[in-house]
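As recorded in TrEMBL:
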- A:52-358: domain 'AB hydrolase-1' (DOMAIN)
- A:Ser156: active site, nucleophile (ACT_SITE)
- A:Arg225, A:Asp355: substrate binding site (BINDING)
- A:Asp321: active site (ACT_SITE)
- A:His354: active site (ACT_SITE)
Amino acid sequence: MLTTPSSLDQRFGLSRRVVLPGPLRLDGGALLAPVEIAYETYGTLAADGGNAMLVCHALTGDQHLASAHPRTGKPGWWQRMVGPGKPIDTDRYFVICTNVLGSCMGSTGPASTDPTTGRPYAMTFPVITIRDMVRAQALLLDHLGVARLMAVVGGSMGGMQALSWAATFPDRVEKCVVIASTARHSAQNIAFHEVGRQAVMADPNWRGGDYYDGDPPAAGLAVARMAAHITYLSEAGLTEKFGRRLQARAQKSFGFDADFQVESYLRHQGLAFTDRFDANSYLYITRALDYFDLAEEHGGLLANAFRGTATRFCLVSFDTDWLYPTAESRSIVHALMAAGAPASYVELSSPFGHDAFLLDSPELDRVIHGFLSAGR
Amino acid sequence: MSLRPDLAIIAAHLPAGARALDIGCGDGELMAALRDDRGADVRGLELDPGNVAVAVGRGLSVIQGDADTDLAGYPDQSFDYAILSQTLQTARAPDRVLDELLRIGRYAFVSFPNFAHWRVRLSLLWGGRMPVTRLLPERWYDTPNIHHLTIDDFRAHLAERGVIVEGAWFLSGDKQTGGAAANFLAEHAIFLLRREQSKVDRG
């Protein structure tokens, strides 16, 4: 089906970008065109196209799955999982990772130029959904000549995309791996995101989103990141890492410096985040997450999302994850059971809360490697 | 790989191509055999995450969960066979687990160690201690077997509930033994059950 060896095909490799003509009809009703997608591919697409896999990133992730981040220089966000000989083995699989629609690492988002005005979209960018992100990825797969995915894999928001893939394009997904995720945002999830969005919007530099010609609302975005970061960790993890220990001082200052190590850590996390992320993208992507309710898209019954599916599912949750707790994964599992879908599920133990899915976990490696390689 | 004798009996009596749920499937040994040898569409439920990981690595569909609490999610009659091997005596509410089995599967295989086997009786009678045998290797404080039962207990329970016995196999030292003196001679029992017809029709 391919006439060019994939190693010579300009569509494949690191730091790729493509402008797809679109238009993409969004869940909110708007038409988006053009649709630019930044992505990376790893490994070689088999002649029959049967080894293609899509890995979906989380809220503030990007397409640099297993390659150095261009701005921070840090290793790819899932480098421990993806690569030659790794559980997601790029010697065997052709792995695609795209920057999601609405983000700020090269895919069309609020910082992109609106072709009708020649200025950044800012808040005129249409509100997008997880399913819109998935449909944009499907456009990219069409461009890459990938008709069917042997697997869609994702953690957190990536897991929501994986679920949405299985529900939206069941015939294009053979296996679906959903890690530390949920089929809908809870009131508590929405509440934390609203705190973050209000922090951004309260920053005077935000200026209704039209800040691209001046200073960005870094202070507000940093606070948003700080609040969100707490939800990625467990209380036990925070206690173990910081306790009540003071930051480079022998006693409390009786002031409002970062006396405690945990304060200093969060401030650093917030500040570092503003160097690599666009505040408006943060608003749009958190909105997409809050709108996510897979059951709602299927008549209120989650099982309907998977009725008659031939996709095989593997779900993993972590016992200390209170952002998307085990109960959320279990309710997905119950829906899969009700739909008669082949599903595996395991709750793994980790002290690290939601972040556990990104950290070293031999059990997670074993489950993912086993699930992906089974039957091949 | 040879299956444990009770599992081999279940495997031998499961029709080819059946849809089966193995409750307490361990690392998926029986499931793999049913899939590979019988062409069964088989799913599993297992409490231990390490076992689940091994089973998933075998390409099996296994859900981590507890037979006592997590069977409610399976729809009525969603499997041809529900299998509960060596797990009944570990349940907090074995009677409810059995009800769930017969709700989820059109048929149910149930296997358990017989607490009335003569070796167990002797151990308690002469030793005055809780028996520790090949099939009941744990001591009283660390055994997962919290609801010991005998073959006659089980038969009586089935009669009370109006459960129909489609087949029964008894094992002594990995060899089959007759049903008549099974409560004394068998270490192991395997029952094939179904609900009485009226309940199946309503289900």
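Numbers run from 1 along the shown chain.
Keep in mind that glycine also has a Cβ here, set from the backbone N, Cα and C atoms.
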Across the domain 'AB hydrolase-1' (A:52-358), what does the mean pLDDT come to, as a whole number? 97
Determine, to the nearest whole angstrom, how far the Cα atom of A:Arg225 (substrate binding site) is from the Cα atom of A:His354 (active site). 15
What is the Cβ neighbour count of A:His354 (active site) at a 10 Å cut-off, with all protein chains included? 25
Under a three-state reduction of DSSP output, how is A:Ser156 (active site, nucleophile) classified: helix, strand, or coil? coil
Go through A:Asp321, A:Asp355, the listed recorded positions, and name the one with the sparsest Cβ surroundings, counting other Cβ atoms within 10 Å. A:Asp355
Quick one: Cα separation, A:His354 (active site) versus the residue listed as 'active site, nucleophile', in Å? 8
Under DSSP, is A:Asp321 (active site) part of a helix or a strand, or is it coil? coil
Whole-number Å only: compute the distance from the Cα of A:Asp321 (active site) to the Cα of A:Asp355 (substrate binding site). 8
Could you state the whole-number distance in Å separating the C-alpha atoms of A:Ser156 (active site, nucleophile) and A:Asp355 (substrate binding site)? 9
Relative to the Cβ position of A:Ser156 (active site, nucleophile), how many further Cβ atoms are located within 10 Å? 27
